[in-house]
Amino acid sequence: MDTSKDLICIGFEGTAEKTGVGIITSKGEVLFNKTIIYTPPVQGIHPREAADHHAETFVKLLKEALTVVPIEKIDLVSFSLGPGLGPSLRVTATTARALSLSINKPIIGVNHCISHVEIGKLKTDAVDPLTLYVSGGNTQVLAYTGKKYRVIGETLDIAIGNCLDQFARHCNMPHPGGVYVEKYAKDGNKFMKLPYTVKGMDISLSGLLTAAMKKYDSKERIEDVCYSLQETSFSMLTEITERALAHTNKAEVMLVGGVAANNRLKEMLDVMCSEQNVDFYVPEREFCGDNGAMIAWLGILQYLNGKRMDLADTKPISNYRSDMVEVNWIHEENNNSENGNIKSRIIPEHLIGKGAEADISKGRYLEFESITKERVKKGYRTSELDELIRMRRTVKEARFLAAIKELGIYAPSIFDIDKENKKIAMSYIHGKIAKEKIEEGSIDFCEDLGKIIGKMHVGGIVHNDLTTSNFIVSDNTFVIDFGLGKYSDLVEDKAIDLIVLKKSIMSIHYDKFDRVWNKIVEGYKTYNLAESVLECMKEVEKRARYL
């Protein structure tokens with residue numbers, strides 16, 4: 001095929017209950033894009049019924065598409081290889097193979113999740129965004145680094161779309177339920193406290209879902225329950241996006257996926273991005289949910305940059321994670337640069353640091369060098385939830401910074417706590433954060449990080465936000481930022497603590513990951529229960545369902 005001419009690709013999307021066919025050119029012009037959603041006769045989606053829906057509707061959509069673009073003009077066939085429901089993926093792959101063989105054109109299977117990101121970039125001005133991808137089956141925070149889209153944060157159990165749909169079914173709302181939850185939430189005026197579970201850059205939604213169902217069953221107004229569910233879950237999503245933003249220092253945030261159509265979620269992220277001085281993007285509604293155009297576009301990107309597939313390579317992959325894809329179409333020299341410099345988040349000059357939760361300023365407390373950590377109000381959260389979170393985390397951090405010293409772990413000294421304004425004044429530590437040391441090539445000290453984590457776990461303390469930004473290395477190694485910390489002797493909680501750290505290292509220290517992680521594990525093994533925690537880590541990682 002002559003790749004110098006404008007290619008036309010047809011894309012088939014069928015990972016769950018939506019059947020999509022799209023046609024796009026290599027210049028990014030969408031010639032056809034239509035999706036038909038399967039609405040189950042009873043609650044819930046049966047995989048076989050969804051697959052039958054694809055078998056019927058692909059034929060209809062293909063016929064319609066070929067009235068817009070004649071079949072002889074198709075140069076490439078693309079389809080969603082995964083992740084998704086097995087029966088749906090098989091029907092989609094079979095449809096694509098049949099067309100490819102009948103017109104003798106090449107075929108490309110693509111990752112569904114990354115397709116959302118790339119169509120979002122095509123349809124907005126985003127170049128190198130931190131992406132929040134939210135849908136019925138997926139909840140991920142993604143960032144491109146080191147030839148891959150890294151999963152920096154994700155749900156530890158159910159996806160946000162699934163959470164909203166399950167709640168809607170429980171309340172006898174039609175499918176898809178998220179639309180009706182949003183509608184009811186607009187008329188809610190009473191915020192009810194529900195579980196708010198953030199672990200580093202990951203979230204858990206199952207407890208929130210159960211609690212919301214119980215509120216509904218207890219005869220609370222459905223408008224108020226929907227309002228509280230939406231405010232709580234979307235605040236969690238916005239927070240982990242903000243945490244990932246502080247960790248990666250990206251200059252852009254993009255929202256994609258079916259749940260991206262929710263106006264309240266878009267509003268929250270827009271406010272957060274304004275507070276963090278970064279750009280926010282969301283594609284038009286047509287390209288938020290599952291669609292064939294996004295599949296066709298990623299197929300073109302991969303094909304033009306050398307990707308080729310034989311029919312034997314087109315077997316669907318139901319657990320096809322975003323970080324399994326080798327990205328061949330992004331070239332570093334063109335990736336979000338201004339005059340050759342990579343764009344990054346801008347921190348205000350009066351601060352020495354700006355995290356996801358707090359502004360950090362340097363000063364003096366009596367005769368001592370100090371920093372003040374202020375948990376600032378978050379404009380995206382309701383005032384009730386914001387006050388609760390900031391107060392709880394301010395007090396918790398002060399308590400844990402004192403507690404870990406009793407375990408022989410170095411931490412800043414607390415000078416003063418201003419609970420009313422959510423401020424902590426503490427000693428200034430001369431040193432570099434571990435993130436900077438690793439970027440400079442220093443690795444050996446990472447064994448100390450493992451030992452520190454082991455000591456915390458011996459003392460029953462789980463940090464819940466372990467990243468290389470939360471250790472300061474000087475003559476000794478200090479651990480900071482305990483706002484998400486808790487006491488727990490559960491092996492799984494300790495395993496998740498390590499998983500949070502492991503994912504944060506992979507996201508920005510990918511080229512040094514093995515050396516850094518091995519050093520940390522070596523140090524952690526000084527903890528007498530280390531082996532059981534490390535084994536549990538493997539089990540928890542295997543459970544990652546929403547890919």
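Cβ from N, Cα, C; glycine included.
According to Swiss-Prot, the region 'Kae1' annotation covers 1-329.
Within 10 Å of the Cβ of ASP290 (Fe cation binding site) there are 27 other Cβ atoms, across all protein chains. Swiss-Prot lists HIS112, HIS116, TYR133, ASP290 with the feature Fe cation binding site.
When other Cβ atoms within 10 Å of the Cβ of TYR133 (Fe cation binding site) are tallied across all protein chains shown, the result is 27. Summarising the annotation, Swiss-Prot assigns L-threonylcarbamoyladenylate binding site to TYR133, VAL134, SER135, GLY136, GLY137, ASP165, GLY178, GLU182, ASN262.
Among the features that Swiss-Prot reports, domain 'Protein kinase' is placed at 346-547, with the record citing sequence analysis.
Swiss-Prot lists ILE352, GLY353, LYS354, GLY355, ALA356, GLU357, ALA358, ASP359, ILE360, LYS373 with the feature ATP binding site. The Cβ of ILE360 (ATP binding site) has 14 neighbouring Cβ atoms from other residues within 10 Å, across all protein chains displayed.
In the shown protein chains, 25 other C-beta atoms lie within 10 A of the C-beta of ASP465 (active site, proton acceptor). What Swiss-Prot lists as active site, proton acceptor is ASP465.
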Ranking the binding-site residues ILE352, ALA356, ALA358 by other Cβ atoms within 10 Å, which is at the bottom?
ILE352
What does DSSP call HIS112 (Fe cation binding site) in the simple three-state scheme?
helix
Over all shown protein chains, what is the count of other CB atoms within 10 A of the CB belonging to HIS116 (Fe cation binding site)?
32
Which are the residues of the chain, ILE352, GLY353, LYS354, GLY355, ALA356, GLU357, ALA358, ASP359, ILE360, LYS373 excluded, whose CB is within 8 A of where the CB atoms of the ATP site average out, their centroid?
ALA246, LEU351, GLU374
Hey, of the binding-site residues listed (HIS112, LYS354), which one tops the CB count within 10 A?
HIS112
Mean pLDDT across the region 'Kae1' (1-329), rounded to an integer, is what?
95
Drop a 10 Å sphere on every Cβ of the binding-site residues SER135, ASN262 and tell me which sphere holds the fewest other Cβ atoms.
ASN262
Entry from the binding-site residues list GLY137, GLY178 having the most other CB atoms no farther than 10 A:
GLY178
